[in-house]
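One structure below.
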Amino acid sequence: MQLKYLRTLLEGQEQIQRIAGLAWSPNQQRLAIATADRHILLYDDAGERRDKFSTKPANPANGKNSYVIRGLAFSPDSTKLAVGQSDSIVYVYKLGESWNDKKVICNKFPQASAVTALIWLTSGSIIAGLEDGKVRALHSKSNKSQSLYGGDSICISLAANTKGTGFLSGHNDGTIIRYFMTDEATEPLGRVVQHPVPPFALAWPQGGFCAGGCDQRIVFYDSMGRQLRTFDHSRTEGEREFTVAACSPNGQAVAFGSFDRIRIFAWSPRQGAWSESATKEVACLYTLSSLLWRRDGARLALGSVSGAVLLFESVLRRTVWQDKFELIFVAPSQLLVRSLTEPSQALTIESQLGLEIDDVRIMGRDNYLVARTEESLILCDLTRNLSSEVPWTASGHHERFYFENPTVCLIFNVGELSLVEYGENSILGSVRTEFVNPHVISVRLNERGNAKENKKLAFLLDAKTICVVDLISRMTSGQISHETKIDWLELSETAHKLLFRDKKLRLILVDNYTGKKQTLLSNISFVQWVPQSDVVVAQSNSNLAIWYNIDLPEHVTMQSVRGEAIEVLRENGRTVVRSQDGPSEHNYQLDEGLVEFGTAVNDSDFGRAVHFLESLGDKPAAKAMWHNLALIALEDGNLRVAQRCYAALGNVSKAYYLAGMIQQADEFEESSGSPGILCPEVRAKLALLGSDLRTAERIYLEQGDIESALKMYQQLGMWDEAVALAERRGYNRIAELKQQHMDYLLSSEQQEKAGQVLEEQGDLQQAMSLYMKANKPARAARLALKTPHILQDEQVMLQVTEGLVRSELYELAGDIAHRLSRPEAALALYRKGGAYARALEIGRVVAPQEVTALEEEWGDWLVSRKQLDASINHYIEAGATQKALEAAVGAKQWRKAVQIAKVLDEPELIQRYAVDLAKHLAFAGDLDGAEDMLVRANLHKDAIELLNRHGKWERAYLIGEKHLKAEQVRELFVQLAGTLEEQGKFRDAEKVLIAVNEPDLAIAMYKRRELYDSMIRLVERYHKDLLDSTHLHLARQLESRGKLKNAEMHFVASGDWKSAVHMYCSSGRWEDGYRVAKLKGTEGASQQVAYMWAKSMPTEGAVRLLSKLGLLDTAVGFACDSGQFEFAMELCKFAGKPTDEVHLKIAMSLEDEGKFEAAEAEFLKANKPREAILMYQHAGDWQAALNVAENHLPDAVGEVLIGQASAALETSNYKDYEALLLRAHRPDLIIEHYKQESLYEDALRIAEEHYPSALNDLRRLQAQLQRGQAQAQAGEDAASISRSYLQKAAEFAKKEQFRKAAECLMQIDSSNAEDASTLERALLRAAEICNQFLEGQDAQELAQSLGPRLLAIKQIGPAAQLYLAADMPKQAVDVFIKTEQWSKARRLAKEIDPDLQLLAYVEQQQKASLKHEGNIEQLADIDIVSALDLLAEHGEWQRCLEKAKGLNPALLQKYVAVYAAQLIREGNCTTALGLYLSYGAPPIEAHFNIYTRIALDCLALREEQTERGTTWRQLRDFLFRLLQSLKATPAQSQTKFAASMEQFLLIAHYYATRAACKEVQALQPVALRLSLALLRHTDLLPVDKGFYEAGMDLRQAGREAEAFVMLNHYLDVCEAIEEGSGQLVDHSDLASTDFPSSVPLPEDIHLKNDPSLHEEVREWVLAVSMDQQVDQQLPTDDRGLYESSLGPNDLPCMLSGFPVRGRQPVTFQGSSNQVNRDVWSKFSVALKMSPGSGIADIISFTEKWQGAANYVMH
């Protein structure tokens, strides 16, 4: 959070003028300030003062100064202002909506005591805290108030929550109480916490609350009152009590105010914790009295006790979106959006979930905003200020947003379409679809003002199917299938109708209620619903078609039109179709009346609709609208309007019928008083008019009028329903009714129906007769089959059969034949009638051999009936697989077709259908199956094209590589890449080229298109060694084009920031050059650029620049250091700086040149005379130094003279020495020197003349010297002294003054003792006195002095006893330690210290002593590890390892590793290798670096250092054992280290094999191959060694061209090593190899110890380079590669390193590695011919490593 000062609204005063309150209106337009003089100042949102008014006291008699303002709060609607006063009243002022409105008091709320705090909740209540501790709610609407609760002490603060539904009150005793004004609270009410101090600063942010006070601590609590975090500022210098707090509107920041300081605390949604984010100190602000955040969180206003009011901007960060919008983040979850192009109020966008907003984008023609958090998506309609936040999981930002619909946003992500309605915080609906074009999606949400919720979505399920979804119920309300692909659809505004257009440009209308689909018109180029109506406008060719009544689509109005219709506009009472004809536009106005008719009908305004239709007269469109209005009126029960409509239509019968209904309704209304439409007879007739007979019947029966219901059915000729109703209701005249029914049937020649009735009544014979009479053989046959006795009548059955055959009812005829036991005839009839199921049943019994033919015949029959899907199984049963496949394909049963095709083996049989089947499989997502189908059909090119269309370039390449010629494949894919490139699909083109292993072409493509980022990405992946050079090349190219910014990026990426700086400086863009130097270069570099920049400018400008950069002094220093003193002087002059430093630098420069006089002048100009003096002193020119001192620095004259005197003393010139020091008034120095030299006579002479005060000291020193000499000549009687001490000690002991006695005895020492025994006796007596008579401090003090003396005379026991008696156990133990009596020391330590700490101390001291003495054997008995460490320190490694070997393996390996590390540091890698071969190499991770170093150092050895290959074999065996150990450890078997050891083992094996091959003449070519193969591993080998050895072997073999390339590269590498630049070596000559191009360079060249050989190689290369006959490049084979290089699928030969080629390579049982058969044969022959060579070892190790070889020698 950043606080930026904006402006001061009120200046602070010299005396206390406390700001009583601040209030910001919720609409952010007004800021109210309550001043100390009881006035209210009103400011607008720009901070300009707009109004002022005074408050009034509760009792005017008390005067205007009888109160102060205690609180201020705006109403939620921003029109009212509440003012709380100390005279126990709250006034509510109505301010109005504009500045000119009159201010009046609209509410008064007198209180029982003074108001101390005031807030106005957004829920509507004013909350006032009182001096008596009560908290009251004041209701402005009802002008009533109520007490909410009372506290035990004065209410000092109030804080509302962010929702405005609850508040906290802080009381003077530290109590904090929570209260909610609504019932939705989930947190407990009442006291939540007891704060340690009065909570004057109280706020309620999200997730809890916080408080601060006079203890200078800010405490954050959770919602239950538990402390979350405390910020203690009591130790902060200058910090005082916290007086006020304010919470930001979103609750994610809190501001606390104290003395001259504001502290901002912010909530981090990600960390879930509060932290102090900003502190703002404002001098002379004094204590803050008010603090308030604006509603949008972007402004913070504060008031102080001095009367100052300041305005700050509080933002986290701000950014500008495309120079159109400014995005201001005021909190992690809130931002403001302000338009930069149009003056408008900033919109607030906030995460309702409190999540941090990460990404913000303005989209949809700058009308919509999309913001993201970790768990949600925020969508905002900027034009209507509607926002929605919906849950949204992270999806990689792959969503696509569509804003074409003004009410809903469409979001497409991974095949799912989600709809979000603006202003709603939930997803309206989600559907699965792949078609997200806005033209094929239609959404209608509550349009046309429908009272009922109506939200519908129409979209494409597939290209030919439309789905309509009810978004409220989330159910599918309709699904429309079409035979052609659909390219446009749209619902009507009420969603009752759906229009869509297909690819054949046909316009189809669908009724969503009935599902009826109807084609309206063809060749449609434009179609649109007219806004706010159900009118449709479409263009077909040059005609405009208008459907004013879409319910009657056959009634269409046609109108010619010019150009192409582009839109339909409806505004200002006109509906216009706009068309575009070239550059001109045309407008065609529709009949607004007809359009308005639809609106009137929709609004049920029938009168307006009838009036309009009557005005139309006989227009064709009127008829359709009369009809439509009639139907709507009937549905609404408006009979008169319906009658009028039918009369207008000329439908006399319906008009007459309705007239009767109207009459009946009127009569019913007159008689009953109820609406006529409720008349049962009217309702029944209305149902009958709508053909709803069941409803009419129900209405009659509800009234008990069954006769009317029967009559209705009889009139309609529905006798069956009448009879059924009579039977159901138990009608008493049912027999008569049935007879009437039969008479009616016979009279109307309905014999069949009469037969059915007789059959139901059981009169079968008569029914049979009627069926035959009516020529209904099928009815007769079915009756006969159910009636056995009729079957017995052959004559009747013959007539029935003949009738059936004539009617071609062969199946029924077959049934009769089958029942009459004529199976052959039945089979023939069934086959003729297509009843193959029945035919098969009979055929399996009668003719089993024809079953297969019947199945195939059945299949053919079904195919002829177009029932292809049903025929498939029958063809399969018949074994006609080809026909089954044709039928499955024809029926589009792709799954079955694929299964059948898999059964067919011949490609020719499935080629005809393979392409179609593959397309289906690909569409279904089974790309593998599609590929297999085409490959099986030998349609390889089709398979490649299919895979390419789906982006599977690698698989397509594999098919082409396998089945097509290589050149053909490459040409095919490169051509495809070119096509993709032309289409702008560069990433797809790249994938294709990568698939065919042509990254260089992809790089070239990006270079052509100037897509340098992608180009660099590929270079980094495939040519990492050329990355820096590519960056440099692009940078130079961009620089030449003037694209300096882009060039800078590439210069910096290549690490050549200096070139970027030079580029900018050369082009005069110094500021950019300085920026790059400062960001990427060193500090000195940026300063140097700034200096050069300044040099390029006039001096005045240079001074301003350097001052701005803070580099003026640095630039002056640069100028002086470079000798440009004039420029430095000019800088100082223009900057107003003293030039002393410049003069000083000039003087020092002149001094270095020996120009002392000129230097002196400059030193003096620099006011540095002392430096001039020092210069002359260093030069030995004492007179010049003295002159300068006398003239310019008199205080230094003495120093010069002293220096000159010192120089005279060095030459023993005592005369000048004395004269100069006396001239300097320093005789004391002369005397001190003579004293040191013991020249007291000379010293006395000088003192007498010049320093009389020193005479006494000199004479005393001289006398002491003389006495010392006399004492040396005469000695004293020591015996008398010692006896006197003994006598005095005895006297003190008698007087029991034991300490004095002991001290007296201790006065006897070796200087005054009579003999040694006297001294010993005296000290022992003193010790005895201490032990017996002294204790405490006396004993300890004497023991500290006496103990060492006893120890000195070897009295060890008494000394220890003395320390023990004085309670000094450690010193007692130290006695035995110092005398190395270790057993006594241990015994004593055990006795006196049960905790054994002293015993550990003794053992530690003994170890240290033994280590110091080097007593290893004895030390080993005590501490074997210390003994081993000592051996290691002394370099006795064999003894160390032998001792460790006998202990445990882990200890042994520790010292083996230490010894090996030492050997490696000493450069003795072979000994270290032998060490691990002797003692083993455990798979311990701590040793891995040692193993790697041994391998690298050994591989760097010259061939002459390996003892004819012994080292290679040892290294190989060591690595093999190590790998075996690693594989035995599961945790290490697959690690990176194991993989690197595999590589080292392979290299060591190659070296050992090469060494063995060089011993055998026949294997010399194999040795050469190995030298070349080893170059593949120069990322591990020293690169110069590898190329040197390969080049020399090639040269020896006579292959000079290849040798030249190798040795030339060797010289290039050596040159790079010697220069130490780290630059990559040119690898272009080795492009056809698989040698790594980016390899580490060794520190020294391989031949550093043999420079003559190195020079020989250089001379040979030089000579060959001049030879024109040598090709000087590497040859390539048929693969286009160098012979040793491995292709993508090649394996290296385990004995030669070359690719395994040829037939039947030698394989191994233990691995997948191989050996070329000819190489193995050579080794086998060499083993027999040279049994003493190392070939046997090579073959043995190879089989040991890889397993037994599968090789039989022929």
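Any Cβ shown, glycine's included, is placed from N, Cα and C.
These features come from Swiss-Prot:
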{"type": "REPEAT", "residues": "14-53", "note": "repeat 'WD 1'"}
{"type": "REPEAT", "residues": "151-190", "note": "repeat 'WD 4'"}
{"type": "REPEAT", "residues": "283-322", "note": "repeat 'WD 6'"}
{"type": "REPEAT", "residues": "519-557", "note": "repeat 'WD 7'"}
{"type": "REPEAT", "residues": "623-656", "note": "repeat 'TPR 1'"}
{"type": "REPEAT", "residues": "690-723", "note": "repeat 'TPR 2'"}
{"type": "REPEAT", "residues": "807-840", "note": "repeat 'TPR 4'"}
{"type": "REPEAT", "residues": "1041-1074", "note": "repeat 'TPR 6'"}
{"type": "REPEAT", "residues": "1140-1166", "note": "repeat 'TPR 7'"}
{"type": "REPEAT", "residues": "1167-1199", "note": "repeat 'TPR 8'"}
{"type": "REPEAT", "residues": "1282-1315", "note": "repeat 'TPR 10'"}
{"type": "REPEAT", "residues": "1698-1733", "note": "repeat 'TPR 11'"}
Exercise for the section: Please figure out which one of 151-190, 283-322, 519-557, 623-656 racks up the most CB pairs under 8 Å against the repeat 'WD 1' (14-53). Expected result: 283-322
Handout entry: Composition by DSSP (helix, strand, coil) of residues within the repeat 'TPR 7' (1140-1166)
Key = 23 helix, 0 strand, 4 coil
Fill in the blank from the handout: Counting only residues at least 6 beyond its ends, the same-chain positions whose CB falls under 8 A of a CB in the repeat 'TPR 6' (1041-1074) are 1012, 1016, 1027-1029, 1031-1032, 1034-1035, 1080-1081, 1085-1086, 1089-1090, 1092-1093, 1096, 1109
Practice task
Please give the sequence-distant neighbours of the repeat 'TPR 7' (1140-1166): residues at least 6 beyond its ends with Cβ less than 8 Å from one of its Cβ atoms.
Solution key: 1116, 1120-1121, 1123, 1125, 1128-1129, 1132, 1172, 1175-1176, 1179, 1181, 1184, 1188, 1192
Problem - Local confidence of the prediction over the repeat 'TPR 8' (1167-1199), expressed as mean pLDDT - result: 83
Exercise for the section: May I ask for the residues of the chain that lie six or more residues beyond the repeat 'TPR 8' (1167-1199) and have a Cβ under 8 Å from a Cβ within it? Expected result: 1140, 1143-1144, 1147, 1151, 1156, 1159-1160, 1207, 1224-1226
Completion exercise
DSSP assigns the residues of the repeat 'WD 4' (151-190) as 0 helix, 19 strand, 21 coil
Exercise for the section: Please spell out the DSSP helix, strand and coil residue counts for the repeat 'WD 7' (519-557). Expected result: 0 helix, 20 strand, 19 coil
Exercise for the section: Could you break down the residues of the repeat 'TPR 6' (1041-1074) into DSSP helix, strand and coil, giving a count for each? Expected result: 25 helix, 0 strand, 9 coil
Exercise for the section: Take the repeat 'TPR 11' (1698-1733) and count its residues per DSSP category (helix H/G/I, strand E/B, coil), listing them in that order. Expected result: 13 helix, 6 strand, 17 coil
Handout entry: Residues of the repeat 'WD 6' (283-322) by DSSP state, where helix covers H, G and I
Key = 0 helix, 25 strand, 15 coil
